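The structure under discussion appears below in the form of structure tokens.
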Amino acid sequence: MTMALTNAFVLLFSCVLAISFCVWGKPATFLDDFQITWSDSHIRQIDGGKAIQLVLDQNSGCGFASKRKYLFGRVSMKIKLIPGDSAGTVTAFYMNSDTDIVRDELDFEFLGNRSGQPYTVQTNIYAHGKGDREQRVNLWFDPSADFHTYTIMWNHHHIVFYVDDVPIRVYKNNEARNIPFPKFQPMGVYSTLWEADDWATRGGLEKIDWSKAPFLAYYKDFDIEGCPVPGPASCASNTGNWWEGSTYQALNAMEARRYRWVRMNHMIYDYCTDKSRYPVIPPECIAGI
């Protein structure tokens, strides 16, 4: 028996012995872990399925979703957004429990812009059916010039949205203060590209210019590491999962500095400070990081 084959058997045997530690890992191609859910003619596989192109035109947008749901873990994708005049378009990458009444959802929404204006990313969090927690950040680079990594980290301690290695949003688990935190419902991973010019760019003042269509966004390096559902029942509560480790229970010093830098220099909207919507500051806004 070759050394490689021996190692493979050892790995498999170890996984069987500690199945609760085994989590879903990075797929080799798009179709290994995802399926097209909307307009398959507008999603094109590239490089043997290692990357995909999403297309928006006057006929349709498009979307895809993971084949399974997950309870806790980390999800990331590399995305290259629509170049040029993308006003009125929304490219979304999010997790959703797909439950109508008591919904949990974690959103990245990239709001298109007029040429020369910064790209805005909106994040939102639904916990136990309650959303309306929008924050908006202007990206400090051109996200259409190259691929950048967008990540959602979700464990029992907090939820963190990352752009590359920079945390742009933190939502702490403060259930002890009766603040809802998503931890019971598994969520699927979704992405869509669609027209939303009634609100996406400058509150709907900037409309989509269909003469610039088709609008194209690119994805690659799909990475899901989490507890699949259905899967081992003990996985989600297993403190041995790497994303539950002490390193990931709070931002480290460098991440905290980057987080403050984003909020001071690039945040353009925060529901926490919107007194017209919330005369009383929502309790989760006082929790800090």
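Cβ from N, Cα, C; glycine included.
According to TrEMBL, the active site, nucleophile annotation covers GLU105. Spatially close to GLU105 (active site, nucleophile) yet at least six residues away along the chain are TYR94, MET95, ASN96, SER97, ASN124, ILE125, TYR126, GLY131, MET187, judged by Cβ distances under 8 angstroms.
Sequence annotations record features per position, and here TrEMBL assigns active site, proton donor to GLU109. All protein chains shown were included, and the count of other CB atoms within 10 Å of the CB of GLU109 (active site, proton donor) stands at 19.
Residues or ranges marked as domain 'GH16' by TrEMBL: 21-219.
In sequence order, ASP85, SER86, ALA87, TYR119, THR120, THR201, GLU206 constitute the residues six or more apart from ASN113 (N-linked glycosylation site) in its chain with CB-CB distances below 8 Å. Residues or ranges marked as N-linked glycosylation site by TrEMBL: ASN113.
Annotation comment: TrEMBL describes 1-18 as signal peptide.
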